[in-house]
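Trainee: So that we are looking at the same thing, I have put the structure below in structure tokens.
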């Protein structure tokens, strides 16, 4: 169904098929998020080396994010989704084979984890951009809220599933992720449209200009650039806290099942937040909503160094992630609403690249910090970074982003800057 189709049926047809495909991909990612640090710690025996594995994967994601947008805006998005999912499944499957053969050391683990991240990231831009073609612009806040709630529901089960499967056999979560990626490829193949992005108004003279079109938009529209920078600070803090908690609990002797509950805590918080996110996003000015969400996360995660029992650590994660659905739905929905269809992939990937650029450093520092100073000191240092994000947001135009009803008018006022 095209973006301009009847609003009463926006949720059916291709949107339903897209949602199934994206849900399977998210399930694979949710299991992978918990299982891979555990597997890295089991293979290397060292939290710092486990952080190196995470940093290599994160760096691969960052490097592949910008080309992902170019691919999404250059080629039909359905086949990119299909082949990306199958290539990701192949990488995970290779890891399963190597582990079964007893040869999955640190370097092979880095290679297969980075290979899976590369395939998944190169096709991620097409998956995100496809949603804008399938769902009408005025329904994007609802669609994004559904996606956030879906991700939260997956987190509820993905963490315990990863922990339980890891306890049975450490490589089983990877096998489940590979199967889910095959399912994503099959569901993507069922989309009725090829989802061609359309030809650009003026073909740039070189591939570099085409590749960097999204970055140029961020430079011209300072608000989008500011959002990307703030997101980078938030991702640094959030990814560092989560990895430090996962590694720290395991180093402290907690079972894989208890470690898996971190995903449940985050998912439960996000699920509760998703219940009210649609109402929050539609009724509260987006700028105020973002700053309020940052503040909730800062207070909740800042409390973690003050507690010792795992139950209170999980409670802090639960409260922090209550704010995530509203923040993500508002920020992502705003970017998608004001960006022309032909630029969706490149602008989205430019925002993602800048926001993820800090993640490799965060994973390295989290592993090193847990090994040297312990979980609580490391978590406290990362949580302090949220204060930086709040100050940046309050000092920029982010605070003045309007409600969703005015998003498209904002895009129209900046139409000249939103060009390739």
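A Cβ is built for glycine as well, from the same backbone N, Cα and C atoms used for every other residue.
Curation does not apply to TrEMBL; its annotations are automatic.
From TrEMBL, here are the annotated features:
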- 1-401: domain 'Major facilitator superfamily (MFS) profile' (DOMAIN)
- 20-42: transmembrane segment (TRANSMEM)
- 48-68: transmembrane segment (TRANSMEM)
- 80-101: transmembrane segment (TRANSMEM)
- 107-131: transmembrane segment (TRANSMEM)
- 223-247: transmembrane segment (TRANSMEM)
- 259-282: transmembrane segment (TRANSMEM)
- 289-308: transmembrane segment (TRANSMEM)
- 314-338: transmembrane segment (TRANSMEM)
- 350-371: transmembrane segment (TRANSMEM)
- 377-395: transmembrane segment (TRANSMEM)
Trainee: For the transmembrane segment (107-131), give me same-chain residues lying six or more residues beyond its boundaries with a C-beta closer than 8 angstroms to one of its C-beta atoms, as numbers and ranges.
Mentor: 15, 18, 21-22, 25, 29, 32, 36, 39-40, 43-44, 52-53, 56-58, 60-61, 64-65, 67-73, 75, 77-78, 80-81, 83-85, 87-88, 90-92, 94-95, 98, 140, 143, 181, 191, 195, 197, 336, 341, 344-346, 348-349, 352
Trainee: I'd like to know if the transmembrane segment (377-395) touches the transmembrane segment (289-308) in this structure, counting it as a touch only when three or more C-beta pairs sit under 8 Å and are separated by 6 or more positions.
Mentor: yes
Trainee: Summarise the model confidence on the domain 'Major facilitator superfamily (MFS) profile' (1-401) as a single mean pLDDT, whole number.
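Mentor: The answer is 87, the mean pLDDT of the model over that range.
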Trainee: Between the transmembrane segment (259-282) and the stretches 48-68, 223-247, 314-338, 350-371, 377-395, work out which stretch tops the count of Cβ pairs under 8 Å.
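Mentor: Against the transmembrane segment (259-282), the leading stretch is 314-338.
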Trainee: Do any residues, 6 or more residues outside the transmembrane segment (48-68), come within under 8 Å Cβ-to-Cβ of it, and if so which ones?
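Mentor: Sequence-remote neighbours of the transmembrane segment (48-68) are 36-37, 40-41, 106, 109-110, 113-114, 117-118, 121-126, 211-212, 214-215, 239, 243, 247, 345-346, 349-350, 352-353, 356-357, 359-368, 370-371.
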Trainee: Take the transmembrane segment (314-338) and find every residue of the same chain, 6 or more past its ends, with a Cβ under 8 Å from one of its Cβ atoms.
Mentor: 128, 131-132, 137, 140-141, 144-145, 147-149, 151-152, 224, 227, 231, 242, 245, 261-262, 264-270, 272-274, 276-278, 280-281, 286, 289-290, 292-294, 296-297, 300-301, 303-304, 307, 344, 347-348, 351, 401, 404, 407-408, 410-411, 414, 418
Trainee: Name the range, of those listed as 223-247, 350-371, 377-395, that has the largest tally of Cβ pairs under 8 Å with the transmembrane segment (20-42).
Mentor: 223-247
